[in-house]
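A short worksheet on the structure shown next.
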Amino acid sequence: MNLAAMDPKNYDAQLQQKRIKLEKAFADFNPPALEVFASEPMHYRMRAEFRMWHQGDDLYYYMFDKALNAKVRCDQYLPAGLIINQMMAALIAELTPNPALRYRLFQVDFLSTLSGEILVSLLYHRQLDEEWREQATQLKAKLSAQFNVNIIGRARKQKIDLDKDFVVETLTVNEQVLHYKQIENSFTQPNAKVSVKMLEWAIDATKDSQGDLLELYCGNGNFTIALARNFNRVLATELAKPSVDAAQYNIDINHVDNVQIIRMSAEDFSDAMAKKRQFRRLEGIDLDSYDCNTIFVDPPRAGIDPETLKLIQGYERILYISCNPETLNDNLLTLGQTHKITRFALFDQFPYTDHMESGVLLVRK
């Protein structure tokens with residue numbers, strides 16, 4: 001993290017640099033005009049992680065600044081949401097004089113929501129005992145006077161939830177209110193306001209869709225829930241069990257009745273669709289009954305494996321959200337053989353960094 005680069009006065013310039021870089025990187029695919037979705041210039045991150053520095057009686061948060069090649073004290077953190085900055089100050093004031101809570105504490109993670117919840121995870125290089133639980137319970141009671149907070153303690157092979165290990169985010173997407181369970185230590189989009197823009201873009205890109213939707217890498221159902229309105233049915237896959245559980249919870253609380261979640265990898269699902277193997281997890285699900293003309297993918301940074309790319313090429317329309325332009329570019333070398341880009345977007349999920357979130361809609365040539 002380059003803390004010196006995080007100057008709101010430079011926000012527009014850094015976004016323009018990303019625009020130019022992305023347009024240049026994908027020029028060979030002859031995409032349409034790039035749609036650019038900006039972030040707030042400060043207080044945009046809903047989660048943050050800090051290491052803890054113990055110096056005598058003092059205790060403070062720090063991050064490692066790659067530009068300086070040094071640890072930098074962080075009493076406040078400009079990218080983090082206001083609720084995280086407020087909690088940082090309140091929490092450190094309680095931890096510093098409390099031996100039971102600060103002893104061998106090495107990291108603090110914050111997960112917050114636009115709707116006002118915050119989850120604090122305290123990570124230790126020691127096993128947590130009953131004294132820790134008692135002190136943490138008192139800490140939660142004190143902080144609850146100001147925050148809607150839950151606290152988790154973590155150590156090697158140990159996790160203590162004082163109440164729950166998740167928050168519920170509430171987003172307004174095209175005037176529709178959506179609720180999302182977000183679990184501690186699981187992936188969620190860090191920039192909630194840009195996430196809303198991504199959802200609205202995806203809804204618009206698929207608004208004239210016919211038939212059903214197949215989604216790979218669905219996570220906690222972030223896009224699944226929002227896109228369900230545009231399709232008769234949605235079949236979605238995800239491998240991580242906590243994410244599958246959260247996705248099912250989100251389907252229920254949003255009263256969505258046309259989504260089926262399958263817990264399996266994209267690679268295994270590709271084998272199932274090609275009828276190379278049979279899977280017990282697919283018992284009772286008639287894959288042939290789905291009329292999927294559109295496929296949606298939001299893969300990890302490594303991109304999509306060759307077999308899954310072959311599966312994806314079989315669909316008329318491909319909606320691809322990418323957190324890594326390099327692997328998207330590589331995947332488009334294959335997908336571009338059969339499909340052309342009709343929508344092209346940049347979402348500034350990570351201001352002041354080199355990371356770029358992008359989206360493309362591809363239609364069969």
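From the backbone N, Cα and C atoms, a Cβ is placed for every residue, glycine too.
A quick note: this is a predicted structure, and the numbers were derived from the prediction, not measured.
Among ASP129, ASP291, ASP298, only ASP298 appears in Swiss-Prot as part of the S-adenosyl-L-methionine site alongside GLN189, TYR217, ASN222, GLU238. According to DSSP, GLN189 (S-adenosyl-L-methionine binding site) sits in a coil region rather than a helix or strand.
Here the Cα atom of TYR217 (S-adenosyl-L-methionine binding site) is found 13 Å from that of CYS323 (active site, nucleophile). All protein chains shown were included, and the count of other CB atoms within 10 Å of the CB of TYR217 (S-adenosyl-L-methionine binding site) stands at 22. Counted within 10 Å of its Cβ, the other Cβ atoms near ASP298 (S-adenosyl-L-methionine binding site) come to 22, all protein chains included.
Taking CA atoms as the reference points, GLU357 (active site, proton acceptor) and CYS323 (active site, nucleophile) are 5 Å apart. The S-adenosyl-L-methionine site, placed at the center of the C-beta atoms of GLN189, TYR217, ASN222, GLU238, ASP298, has further neighbours from the same chain whose C-beta lies within 8 angstroms: PHE187, CYS218, GLY219, ASN220, GLY221, PHE223, THR224, SER243, ILE321.
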